[in-house]
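A.B. asks: Take a look at this one; I'll ask things after.
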Amino acid sequence: MDGPQRIAFIGLGIMGAPMAANLLKAGYQVAVYNRSPGAAERLAALGARPATGVADAVRGADVVITVLPDTPDVEAVFEEILAAGAPGLLHADMSTIDPGASRAMAARAAEDGLRALDAPVSGGEQGAIEGALSIMVGGEAADVAYARPVLEAMGSTVVHVGPSGSGQTVKAANQLLVAGIIELVAEAIVLVEASGVDPEPAVRVLAGGLAGNRILDRKAAGMLARDFTPGFRVDLHHKDLGIVLAAARAAGVTIPLGALAAQLMGALRAQGHGGSDHTALLGQVDRLSGRGRGTS
Ligand code: NAD
């Protein structure tokens, strides 16, 4: 077969572990590596080859996938991929990182005869488990076509959005929307509750009208219960909003609500809630409103 068969998968956290599991289910040969132990052993039980490091994982691989926390993590692993990867190896970075860093890595990969895609994801842990992620891909069309079957084993929506870095730019727009919508849903819930209206039917009717959105559909129940178990950690969304603001500055655009959302996320983190789900923005609205329910 012409398509990729052997995958190296680096970074087996909340997102990476179920994504790698879906590749195994789809019949790919997958070598896995994670900095902290445990996750690789769990995937080995599903048929993965646990690798001793990045170099060992990429040995013989057609595609190497990274799902790591932040830009410096991806850049460090990328250096190891460059050093160990055979010509033609395709690196698909599915982390959320700075678009400029993605472009720079793609250029360096090309100089060394490797190929690179930025392919960040949306859909959260549930989307990763269900293989239903939305994947926004930046890079060369031929490389996207080569990697597409692999990406489609992890996502139900795979869209080539433009050249290197474009996927990360679209992901930044995604994170801007998600942060702003969570904050507005949080404010709406607290407003309704503080006015003496039962928030559960309120959320149901709001979800059916023009204000309806996926955060209301998927997150409101947890928010009403003040259950802020991650999910998607405040630390990571804080990182993403830094990327959003830098991207806006680079593009010369002004995003006032995005800047405010970034400040609110930063305040939540500074107050010790970095490990909570990003819906903990609701707890902050509680506290700002003197309502004292905002535990997380
Ligand atoms: P996570 O912290 O759960 O997982 C990251 C994993 O990478 C950890 O297991 C860590 O041990 C490993 N790691 C870090 N540095 C490494 C290295 N040098 N070599 C090998 N392994 C290393 O994070 P996550 O929630 O899975 O998120 C990963 C990426 O996906 C982030 O960029 C995040 O912004 C993005 N993302 C997350 C979600 C979500 O809902 N959690 C949704 C969309 C996108």
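Just so it is clear, glycine is given a Cβ too, placed from its N, Cα and C backbone atoms.
In case it helps, TrEMBL gives these features for our protein:
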type	residues	note
DOMAIN	6-162	domain '6-phosphogluconate dehydrogenase NADP-binding'
DOMAIN	165-282	domain '3-hydroxyisobutyrate dehydrogenase-like NAD-binding'
ACT_SITE	Lys171	active site
A.B. asks: Below 8 Å Cβ to Cβ and six or more residues apart, same chain only. Which residues does that give for Lys171 (active site)?
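C.D. replies: Long-range Cβ contacts: Thr96, Pro120, Val121, Ser122, Met136, Asp240.
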A.B. asks: For the domain '3-hydroxyisobutyrate dehydrogenase-like NAD-binding' (165-282), what are the DSSP-based totals of helix, strand and coil residues?
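C.D. replies: The composition, in the requested order, is 90 helix, 2 strand, 26 coil.
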